[in-house]
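Enquirer: A single structure is presented below for examination.
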Amino acid sequence: MDSSWEASVTDSINAIYLLFSAYLVFVMQLGFAMLCAGSVRAKNAMNIMLTNVVDAVVGSLSYYLFGFAFAFGDSNPFIGASYFALKDIPSSSYDYSFFLYQWAFAIAVAGITSGSIAERTQFTAYLVFSFFLTGFVYPVVAHWLWSSNGWLSPNSTYLLFGSGAIDFAGSGVVHLVGGIAGFWGSIVEGPRVGRFDAFGNPVKMRGHNATLVVLGTLLLWFGWFGFNPGSFNKILVAYPHMADQGNWTSVGRTAVTTTLAGSTAGIVTLFGRRLLVGHWDAMDVCNGVLGGFVAITSGCSVVEPWAAILCGFCAAWVLIGLNILALKFKFDDPLEAAQLHGGCGAWGLIFTGLFAKEEFVLQAYNSGKTQIIRPSGLILGGGWGLFGAQIVELLSIVVWVSLTMGPLFYLLQKLGILRISSDEEVAGLDISSHGGYAYDASQEESNARFYGEYLRMQQQ
């Protein structure tokens with residue numbers, strides 16, 4: 001068989017695999033939209049659904065113009081400076097399939113942040129921070145970890161602590177970035193009207209539709225099989241000295257570790273919340289499942305299945321504990337996004353530094369070559385190199401996102417374009433900003449049903 005023909009078939013199969021993974025990750029936007037809509041009150045459902053669409057359309061332009069260049073362009077270990085507006089793509093390193101896959105990741109970050117500031121944010125602010133986050137803040141972090149010359153990258157020439165940080169599919173790059181950005185947005189805006197009473201006690205504001213939350217969670221679960229296993233980028237790569245194994249083996253194992261971590265976190269949250277609140281809560285369980293997925297995303301390709309179970313177990317308690325602290329400090333995040341994506345994402349980075357297996361690290365980053373020595377998890381005898389790199393990544397992301405997104409939200413607040421007025425918040429963003437409710441038939445007769453009625457009621 002002609003070798004060039006074989007190479008073409010291999011490249012085609014790998015391109016199809018990457019494109020299919022990109023489609024799966026994009027399906028997560030639908031999952032996010034359903035999850036967010038069900039987690040807010042009915043009077044804000046249209047608003048939160050629209051923000052998910054905006055994340056995709058605004059993120060498309062910002063990532064095309066600047067984001068991909070900052071993330072994967074050749075320049076220095078901090079930020080890229082080529083491939084602006086996809087100039088010189090396809091290249092020897094990247095093609096259009098890779099861009100599409102990375103774009104799907106970028107818009108997920110903005111979706112995470114949107115959840116933290118739901119039900120009280122002006123629509124203009126969404127446009128501004130979504131463009132900035134997907135076009136600059138997130139791509140810089142992606143460059144650190146995922147480009148070939150990033151200063152934290154496990155693929156760079158000069159490895160931090162002889163290891164580089166392992167964040168295979170983005171517990172830090174995607175979820176911690178989105179969670180910390182959402183944290184600062186929520187801090188600057190403050191709690192929703194009525195979230196805490198005059199004595200500082202929390203007032204329950206449940207989402208209006210558990211059905212949407214459950215369906216959205218299952219869609220996200222489905223999409224995660226593109227998010228984590230898809231991060232190999234290529235499936236048809238054979239490992240030397242292992243004729244029957246290749247990336248296809250690691251892809252399958254990654255799907256298994258992802259499933260086990262999310263499932264374990266869901267079960268622990270089910271019983272943990274039952275002990276705390278006295279009933280079985282579907283919404284809490286869904287967030288627990290997602291917390292497990294977020295945590296395993298960093299080390300999904302480099303840990304054993306049994307370790308993934310431990311990852312999910314701890315992720316559930318991280319989420320439960322952070323939610324308790326959030327109420328104690330009067331922190332209001334309608335979707336628990338900062339706690340879920342920020343807290344569980346941070347745990348995922350630490351977990352990888354503890355339990356990464358050297359054999360799997362070589363498979364994920366060196367195509368299974370055995371003559372290379374790679375630091376592995378601290379608990380598995382791999383020394384402090386990888387663990388130290390994971391801690392540096394965690395702290396660097398927190399500092400970077402805080403220094404960029406914190407001032408942005410503060411500036412938007414000072415300009416008066418971040419938070420809506422109390423009257424608009426009480427009426428709901430759907431009627432005050434979008435011309436009508438998402439569910440007209442479910443509204444009480446005393447409430448305005450259309451934007452014109454809302455204006456007349458405001459003038460009375």
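Glycine is no exception: its Cβ is also placed from the backbone N, Cα and C atoms.
Feature list, courtesy of Swiss-Prot:
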{"type": "TRANSMEM", "residues": "15-37", "note": "transmembrane segment"}
{"type": "TRANSMEM", "residues": "50-72", "note": "transmembrane segment"}
{"type": "TRANSMEM", "residues": "98-117", "note": "transmembrane segment"}
{"type": "TRANSMEM", "residues": "124-146", "note": "transmembrane segment"}
{"type": "TRANSMEM", "residues": "166-188", "note": "transmembrane segment"}
{"type": "TRANSMEM", "residues": "209-227", "note": "transmembrane segment"}
{"type": "TRANSMEM", "residues": "255-277", "note": "transmembrane segment"}
{"type": "TRANSMEM", "residues": "305-327", "note": "transmembrane segment"}
{"type": "TRANSMEM", "residues": "337-356", "note": "transmembrane segment"}
{"type": "TRANSMEM", "residues": "377-399", "note": "transmembrane segment"}
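So that I understand the layout, could you describe where these features sit and how close they are to other parts?
Expert: If you look at the transmembrane segment (15-37), the same-chain residues 6 or more away from its ends with a CB under 8 A from one of its CBs are 45, 48-49, 51-53, 55-56, 95, 97-98, 100-101, 103-105, 107-108, 111, 114-115, 118, 209, 212-213, 215-227, 229-231, 233-236, 286, 335, 438.
Counting only same-chain residues 6+ beyond the ends of the transmembrane segment (50-72), those with a CB under 8 A from a CB of the stretch are 29, 32-33, 36, 79-86, 93-94, 99, 102-103, 106-107, 110-111, 114, 118, 123, 126-127, 130-132, 134-136, 138-140, 142-143, 146-147, 434.
Taking Cβ pairs closer than 8 Å, the transmembrane segment (124-146) reaches residues 51, 54-55, 58-59, 61-63, 65-73, 77-80, 102, 105-107, 109-110, 113-114, 117, 152-153, 165, 167, 172-174, 177-178, 181, 185, 393, 396-397, 400-401, 404-405, 408-409, 412, 417-418 in its own chain, all 6 or more past its ends.
Remote same-chain partners of the transmembrane segment (166-188), defined as residues 6 or more beyond its termini with a Cβ less than 8 Å from a stretch Cβ, comprise 105, 108-117, 121, 129, 133, 137-138, 141-142, 145-146, 154, 227-228, 230-231, 294-302, 331-333, 337-346, 348-349, 352-353, 356, 361, 364-365, 386, 389-390, 393-394, 397-398, 401-402, 405-406, 409-410, 413, 418.
Within its own chain, the transmembrane segment (209-227) is flanked in space by residues 20-28, 30-39, 42, 45, 105, 169-170, 255, 258, 262, 282-283, 286, 289-290, 293, 297, which lie at least six positions past its ends and keep a Cβ under 8 Å from the stretch.
Long-range Cβ contacts of the transmembrane segment (255-277) within its own chain (Cβ-Cβ under 8 Å, at least 6 residues beyond either end) map to 221, 224-225, 228-229, 284-293, 295-297, 299-301, 303-305, 307-309, 311-313, 315-317, 319-320.
If you look at the transmembrane segment (377-399), the same-chain residues 6 or more away from its ends with a CB under 8 A from one of its CBs are 141, 144-145, 152, 160-167, 172-173, 176-177, 180, 303, 346, 349-350, 352-358.
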